[in-house]
Each structure stands twice: as C-alpha cells, then as structure tokens.
Amino acid sequence: MASSPGAVSVSGLTSPRDCINIVVDAWNDMIETENESLRERVSDLEKKALDQGDEIVCLRSTLADVLRRLTLLENAVNSRGGLSPSSTGTVTPVRNGGFRGALNNHISQLKDGPLGGSRLRQPMYHQSSVESNNSIKEIAHRSNVPTALPQRRGVHYQSTGSLHSDSPSSNSVSPVPTSPSPTHTPPPRVSPSPRQSQPPTPTRSTNSNLHFAKRWSSTGDFNNSPHNGGSMNSRLATKSLLNLNVRVQSPHNMLKHGTRDATYNEEEKILRMFLRGRPIILYAPSSLAETYDITKVTTPPQSKLKLDWVYGYRGRDCRSNLYLLPTGEMVYFVAAVVVLYNVEEQSQRHYLGHTDDIKCIAIHPNKLLVATGQCAGHDRRESRPHIRIWDSVTLNTVAILGAGDFERSICCISFSKADGGQLLCAVDEANDHNISVWDWQKGERGQRITETKCSVDTVIAAEFHPLERNCIVTCGKSHISFWTLDAGGTLYKRMGIFENRDKPKYVTCVAFNHLGDVITGDSNGSLIIWARGTNTVSKLVRGVHDGPVFSVCALKEGSIVSGGGKDRRIVQLDSQLNASGLERQVPDHAGGIRVISEGRGSQLLVGTTRNCVLVGSLSMGLSTALTGHLDELWGLAVHPSLPQFVTAGYDKSLNLWDSMSHSLIWSKDLSEAAQSAAISPDGSIIIVGCVTGHWFALDSQTREIFTTHADGAEPIQVIKFSPNGQFLALGSRDNNVYIYQCGGDTRKYNRVGRCMTERKRKRSSSLTSFLGHSSFITHLDWSADSQLLRSNSGDYEVLYWNAGLCRQVPQSSSMRDVEWASNSCTLSFETIGIWPEGADGTDVNFCDRANNKKLLATADDFGKVKLYTYPVTQPRSLCHSYGGHSSHVTAVTFLHDDSRLISTGGKDTAILQWAVV
C-alpha cells in the first residue's frame, strides 16, 4: 500500500523524507556546534600563536576538512533528494538559502504534515539515531575523504625490564594498560550523539561474585565518577566530531602527578604512583601488605621543630644590613630570616614573618622598631614583595606595607628621622625604580602618600635626612638625587651636579655628618661632601680607597669611617674628611667591606662581601663573629657520634661546625666546587665529591687530603659509606654508581666496579632490554648488612644492586623486606606520602630518617622543611611545615642523637639548625 507524503514506514526502512529529517537533525546540531567552537578556539589560539602555532595549523586543517566534508555531504544528499515535497511524492530542488536553508524549509513543511512535529521527532532520540549515524558514516565513506581530526592513540611507555622502570634507553615498547586491574575489560563504545540514551549495562551470568571483586584500591577512584568528569572522559574517548568543541588540556596538564592517582594492588601487594606521567611501582613490605589501606590518612608527628640557630649572613649582594640594637643584639638577615644575635651571650632570636628573600632593613629612630623588605617569591599570593614593620623586643608584626603594590622587590628603605619616624620611604627594584613614601602608622596596612619614578638606572641607597623634614637622598648608577616632599604629598627631585669633576659610574653609599651635610662614597674610591640644602659638591677627596667605597658611617663623636670593597681597608677621617691616620685591613678570607655600623663604645660592626661579620675597633683589631658560605650549598653530612656536621658548596670551601657551641671548628679551601659530602662510620674520614667528577678523602682532625680519585667527568651527586665502613658508594651525574672497597684504616680505596647500564638480550626474543639507570643518580641507601644498595635517579627509577658484584637485582619484588640502614631515597614505599598530589618529581630534593625511625624530614624546592611520622606509607600524610629558607632546600639531616635537624639552602647559602621538641 502506498504511503502518504508525511507517513513513516512501519518496517525498518525509511522514506527519503525521513532520511532527510534524520540527516538534518544530526548535522544541523553538530555542524553549528562544531563551527562555533572551532572558530572560537582558532581565535583564542591565534592570540597564543607564539606558543601554540602548530596547534593552530592543525585546527585550521581540521576546520577545512570539516567544511570539505560538509560540501561533499551536501552534494550527496542533493543527489539523493535534498528536495521539496510535492503532492505526487516527488521532490524538486530548493535554492533559497542553499543546502541548510533547503533542509530547514523541508523540516518546517514536514512538521505541518499529518504526523506532526512531535510524532516525527520522537523516534530520532531512540532507534532513528542509530540509523542517522549509519547514514552519516555511509555518506562519509562514499566521499572517501581522509579525516584530519586528531585520533586517540594508545599511549606507550618504555621498559628497562623492571616493573618500576620506563627508561628511555629501552628498546622494548609495550602499551600502558587502561586500568590497573589485570582482568580489565574494555568499556563499551559510546555513541557520538550527545542526546543518545545510555545503553543498558551488560550483566554477567555467573554463580560467583569474584568477577566483581575489586583488586585495586585507589586514591583517585572518584575521578571516574560521572559527577567528576567520568562522562566527559567517555565522550572524549570517542572519535566523534562533537569532541572538537571540548577544550583539550595541554599535554603537561594531562600528565599524572604525585599521589593523586596512586593505586594499590591487593593481590600483588604493589603500589603504583605517577611522576610526570611515568608510573612508579613500589613494593609493600610483608608486615604492611595484608592490612594496608591506601585511603587512610597519617597524622602529623607529635614532635615539632623549632629554629635553634642560623649560620650565615647576606653580605655578598646586600648593603646597609647590619645594626646594633639597644638590647645588645646585632640585627641582620639571611635567606628569609631576620637574626638578632647577642655575641656576648651567644644567643639568637629570629623573626620569621617573611616568606622569601629579605633584601633590606631599616631601624626606627626609637631603636625598637625594625622594617624589613622582601622580594617576590614562588607563591604569587603569599610571597608578594612587601615591607614588614615589627617590634624587636616581642618579635610581633606591627604593620605590613605594600602587599600587591610593589612589583619586584624592595631594594632600600628608610624611616624619617626629623619627625620621629612617622614616614617610611621605599624603592621598588622594578624597571622604573619607583620611590614611594608611606604613612606606616595608619592602620595595619599603612597608607601610601605618594609614588613616583626614581631613576631608570639602578638605585643603591635611599635615606631620610636626619635634620630636615621631608628631605630624602637617593643614589645609584651615575646619579645622586635630592628629594623634597611638600605638604600636598608630591615629591620634587633635584639631581646632584658634579660640574667639571669626574662623574663616578656609581654613587655607592650615603651618610650625614653632625652638621647635616651629605657624604657620599663612589666607585672611584672618592668621598664627596654635599653642603646641607644644596645639590652641588662642597668638597671632594680623591683616592681614599683603591677601588669602590661600599660603606660610609658617621660616628656619634663626629668622625667618619669608610670601608673599601676592593682594598678591604677601614679608614677613619674627621667630619671634614681629613685623614686621621687610623685604619685597619680585614683578612683576605673575609672579603671586602660591605657595611660598617657603629657598635658599643668604640666598637664597629663590619659586614663583608664574603658573608662574614667582624666585631672590634680600629685600635684593637677585629675578630670574626660569624661566617657563612658564599655560594650555592649542596654538601651536608653529620658526625656519627659527635654533635658536629660538615657543609660543602660551590664556593670551594669545606666547613666543620659544632652544633652545641654554634661555632665553626675549621674551614678548608678546596681546589674545586663541592657537590656532596660524607663522613665515615668512625668519624675519622671526610669524603667530598666535586662537580668535575673528582673526590677527595680528608682527615677530619688534620684537614689533610690524603687521596684523590676521579670517576667520570660529571658531578658526584651523592656519597654513602656502608654501615660496616668497608664500602663507599658514589652516585654520579653520568648515570653510574661507583663502588669502592675501603682499607682497614679507611685510607685506601680500591674500586670494586661501577653499577651501570648494560644490555641484556632475551633468548626467546630478538628484543634487547637495558639494566641500570638511564639518568643521573640522585639518592643512595645501603642495606643494614652492607650487601645491597638502593638508588634513585633523575628519571624516577628505583633500582637495587648487589654491591659486591656491582650487578642489578632485577627482581625488585624480592627487595620488599630488606632492612635499610638509612632512608634518603625519596622514592620508596616508606616515603610515598612526602610527594604532594601535584608533585612533578623535582619538588622534593632530599629526605632523611631519624635514627630512632620515628621521624622523617624532607627538603623541597619551595624553601620548606617538613616533618613527618615515619614510615610515610600513606599517600595522604599530614606533616609540620617550616619556612626560613628563601631558596630550594638542598639537604636535611638529623644529628646522631636526633636532638637536632640541619637543613641547607641552595642559593640562599643559609644553614638552619632546628631543635626537635
């Protein structure tokens, strides 16, 4: 029987009118969505063309391909009857509006037919959607146009033969399983249509419920929930054009990091975590495997850390940062800590309000309040450059200025003096070196009165005049400026005029004599007097120093003291810069003079360019009050039985410290920059590894170097003695671990061999796998019996070695119950929880286990020292976190009795000693 024009065939076949309706509905929605999203995406990506040019080209190609396929589809539908219905059942072409207009007109006519719009559209959500997809696929197949759409490919990882390794040196490639479960079944394919109803979940007919038993537990199970993007992931798993309107994350953001996606296999008793998308397999000890629950949360330890002592001073690149307080304490800063040090009582107090490098300090006229300014740090919110004003007696913060107002860092600050310290000026170390004046007492955040551009060149110092209100003097590269702040809050500048005299390249320091004249030192070694109220030179004294004058200090009795940065001389003159004949030169190892400050009586406080502080007088001499490292610090080792530790760094110095007296026992100059250090189990030998591959053995008492060895040409990253003292292991940046046998007196070292990458060809296959590390060695641990060695590398491998044979133990599962003498490897089952959820593998630099095996301390890239309860086997482990370092913390180590913890900073060169309380 002939069907009416609007009827639908009851059999499975459809009429041309129905085909058109199906095609229109599917393609109209899809093409509109795709075109809009593609155009928006191309427009957004064009703004990022410098970084994502390749992706724009790909998307343009994809858009062109979609439009090309649309044209082919239009032609195909027109050839089949993209037509207007007639009373006879035939159709005629419709031209108005093109293809999409023809289809839309045809839809409106079909809606007016006998079946009505609702009855026609209802089947499209169910059975007709399948037919629609089949029709579309058939047309696309006929067109024979290759697609340029991004296809989802199987991700592969490379294996070195061990479960926990995916070294790039491997030749064997295998696909990453989509699920940790060994019995994983691929999920059913999802239709591209977003309006398609979900097919019923297939059920399994079985008498056992073991098929539904969950073998893996995971910290990221909720990620697969439909409420947390599960449906979106299934949608992205298809190859539909509909996926083009979804913004795809960048490859870096898609990588799995840290413990967020960690999973635990209850049958094999292994835990899998990811660092930068690479799987790390860790084997649970038998004592924990049966009862291990990955979802538990470990509480922080009852013990805490308290900053006990700070070794070091920042004089290499900061000025005017050493003063004496009425309490008898000298105040200075290093890293993110302000230190109040009483030399006579050998005690320290610390202000810890800052979050990053402190760059400047100023003392209020009342001598009780202190202002310190810091630079911008890692965290843009918590480490913004700002000024903190605090009480030197209670160490309480009084005001915080400029959080969010400064751009880079505060290079110099000064309290006003003539009005009792009501104002504070600051110079931002940005490109324009803006100078701002603050009424710091208005509220907790203060009020900025004015701000203006100071100089395009470097500004070194800014000081309020001690006798004239609202007068500020700034100096720096090729300039000195005299500023006046009027009643309306506007700053007016007068440039200093050198006239026909030699204009210095830098005006390096400024001070004021008792008459109110300005005294400056410069890079020519000269001192200049600028008469009060003028901007012209009143007197010039050449050749006071051989090289730049880094500091000028006006003493209470009227004389002037200047310090040379190159000649290391301290010269005393009268108020008119006439020589008094009194001078003193500091030792060469202390460095040049950076800052001179007046102490008690006739004493002077002297900070040097080699991060030392000296105390004394010109008549009686100077003695070293404290010293520190000058360059990046990496080597740290503790004495096995005494409260002592050694540090070594890129400044080519090796220092032995006493943690009880807080003093430097001795210092040894090395011929090369040091990277690592170790002390023998009996404490008699110190091993220092250098950046060139050389390493030295020294006597800890005499400091004599009695042997020198070279292993490779890369830095020796880590050094470890075996517990019995018979072996020495050195991990190098050349990917090898070198093993030495120590003589009876530990003064003779014979190389046993090196643990290195080697090829291993399988008998049943032509594939070749590689054993050994494929990246630099980062950490080492010896077993308690001194037979085995555990190593970590830069590509996040965990390998095990037979130390006597220098052979890798390929069966990592057999190492799960080995007792380790130490736990400095950051990748181990006992240190899972030290990795944050978003860790990328380089965030944690070092860890150390307490000798009583109750605590674990870590050092990270964000200047934090963290304390955990040991073992840290839960991905979610709480800890105590402590600041103080302003750079990456390179190492942490407990002393032999666990009473203290030592941490070393990288570029901040600071050594912090923490008491365990």
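Every residue gets a Cβ built from N, Cα and C, even glycine.
Annotation comment: TrEMBL describes 142-210 as region 'Disordered'.
The compositional bias 'Polar residues' annotation in TrEMBL covers 157-166.
The compositional bias 'Low complexity' annotation in TrEMBL covers 167-176.
Residues annotated as compositional bias 'Pro residues' in TrEMBL: 177-202.
Positions annotated as repeat 'WD' by TrEMBL: 626-667 (among others). Here the repeat 'WD' (626-667) returns a mean pLDDT of 96 for the predicted model.
Positions annotated as domain 'EML-like second beta-propeller' by TrEMBL: 633-916.
Summarising the annotation, TrEMBL assigns repeat 'WD' to 770-802 (among others).
For 882-917 (among others), the entry in TrEMBL reads repeat 'WD'. Beyond the ends of the repeat 'WD' (882-917), by six or more residues, the same chain brings 303-312, 314, 334-337, 350, 352, 354-358, 377, 611, 628-643, 645, 647, 649, 651, 657, 659, 662, 845-852, 855, 857-867 to within a C-beta distance below 8 angstroms of the stretch.
Counting residues per DSSP class in helix, strand and coil order gives 0 helix, 24 strand, 18 coil for the repeat 'WD' (626-667). Sorting the repeat 'WD' (882-917) by DSSP state (H, G, I as helix; E, B as strand; all else coil) yields 0 helix, 19 strand, 17 coil.
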